[in-house]
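Look at Swiss-Prot and you will find 10-17, 57-61, 119-122 tagged as GTP 1 binding site. According to Swiss-Prot, the GTP 2 binding site annotation covers 181-188, 229-233, 294-297. Residues or ranges marked as domain 'EngA-type G 1' by Swiss-Prot: 4-167. Annotation comment: Swiss-Prot describes 175-351 as domain 'EngA-type G 2'. Here Swiss-Prot flags 352-436 as domain 'KH-like', drawing on sequence analysis.
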Amino acid sequence: MTLPTVAIVGRPNVGKSTLFNRIAGERISIVEDVEGVTRDRIYTSAEWLNRQFSLIDTGGIDDVDAPFMEQIKHQAGIAMTEADVIVFVVSGKEGVTDADEYVARILYKTNKPVILAVNKVDNPEMRADIYDFYSLGLGDPYPVSSVHGIGTGDVLDAIVGNLPTEVEEENPDIIRFSLIGRPNVGKSSLINAILGEDRVIASPIAGTTRDAIDTNFVDSEGQEYTMIDTAGMRKSGKVYENTEKYSIMRSMRAIDRSDVVLMVINAEEGIREYDKRIAGFAHEAGKGIIIVVNKWDTIKKDNHTVANWEADIRDQFQFLSYAPIVFVSAKTKQRLNKLPEMIKRISESQNRRISSAVLNDVIMDAIAINPTPTDKGKRLKIFYGTQVSVKPPTFVIFVNEEELMHFSYMRFLENQIRQAFGFEGTPIHLIARKRK
């Protein structure tokens, strides 16, 4: 399901990031960061009144060395391109500025709903000053104090009230995949090579309400795929295509919509921090993952090259031990024919269900190999386990005390489950729960 998108715009130092964090904090649960993985909080999911949406802090994308007005124009352009709803943040302390009027003129030309949030209204006496902002011509201003959380509920109500009313349910039989990675790792060439591999290509379809174009194709066995364009990778002339943070944001959006993610690494440049950040986001999101090393034709090789690369990848991406690695060349089409089959196989792993009886046989065998741990004389007791969901496969293990389930033993159980059932290319989640 594609979530509607809300973009926060405004000149520097009006509190965009504070409002972003305040809205993100309204979520019931926020996925924990994987240890050793950091990511810029410029894109997240939020929920209000049972409506979910994606939230973009455009200020996090700015090139700080760019001219002031260019930064603002950049933000507004992103919002107009990406968003279903725009939150325009201004400062109640400073009043209407030339920069605010400049942004308002740009936003006034869009047909997107714009919510005017007057931030830094930190006490009731300041509320009278918000009426000056009617001069921007963007409707009612909403007084907000992001720091204190005052007024954010009203802004969220306005956001939800302006979200698209219908969200199209996607066909569960279609496998959705995307190629992500740093700019210039060869994603576009890979996409074109994959789509040129004797596939039946359907007409491009609008992937969202914005400018992203998805491509459907069918393999020789009749399996349908949707390749999710990382919003503009196949188009020329995208103004911000090489802006790394912008690329991160668009990759995150593509990951959200994907079942399987192809993490593309440039063999000529090796692994960078960006690669680990994006891969960490895909892992946290529970997506199937394939590590694709492109431009393999350019590498001088000996008998140890593949093994050395694989060892380095496993060391750099320790949290992706389950992800297969494939070395390809979009230029020579080396091993490209393997990718659709790998995508299909990993999608099957994502959707695999294990019966409770078979699962518990594996758990009991695991306990026989490695008895449950003790803490202060009290031993962990596992009663039974059951699979509760797919995409990713998630298992609940019922125990006597949740605190006794050490991380290391949970990892041991995960390894035993993988050894028994495979689950290639997909994270699996194990949750310890006290039996009532």
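Every residue, even glycine, has its Cβ placed from backbone N, Cα and C.
Between the CA atoms of G10 (GTP 1 binding site) and W296 (GTP 2 binding site) there is a gap of 43 Å. Each residue contributes its Cα atom, and for T58 (GTP 1 binding site) and G181 (GTP 2 binding site) those atoms are 20 Å apart. Taking a C-beta cut-off of under 8 angstroms and a sequence separation of 6 or more, G181 (GTP 2 binding site) has the following same-chain neighbours: K187, S251, M263, V264, I265, N266, D275, I278.
N13 (GTP 1 binding site) sits 33 Å from N184 (GTP 2 binding site), taking the C-alpha atoms as the reference points. The candidate set comprises the binding-site residues N13, T58, N184. Of these, T58 has the most other Cβ atoms within 10 Å. Note on the domain 'KH-like' (352-436): its mean pLDDT in the predicted model is 94. Just so you know, the Cβ of V121 (GTP 1 binding site) picks up 25 other Cβ atoms within 10 Å once every protein chain is counted.
Secondary structure of the domain 'KH-like' (352-436) per DSSP (helix as H, G, I; strand as E, B; remaining residues coil): 32 helix, 24 strand, 29 coil. Here the C-alpha separation of K16 (GTP 1 binding site) and W296 (GTP 2 binding site) works out to 42 Å. If you take the Cα of W296 (GTP 2 binding site) and the Cα of V121 (GTP 1 binding site), they are about 56 angstrom apart, rounded to a whole number.
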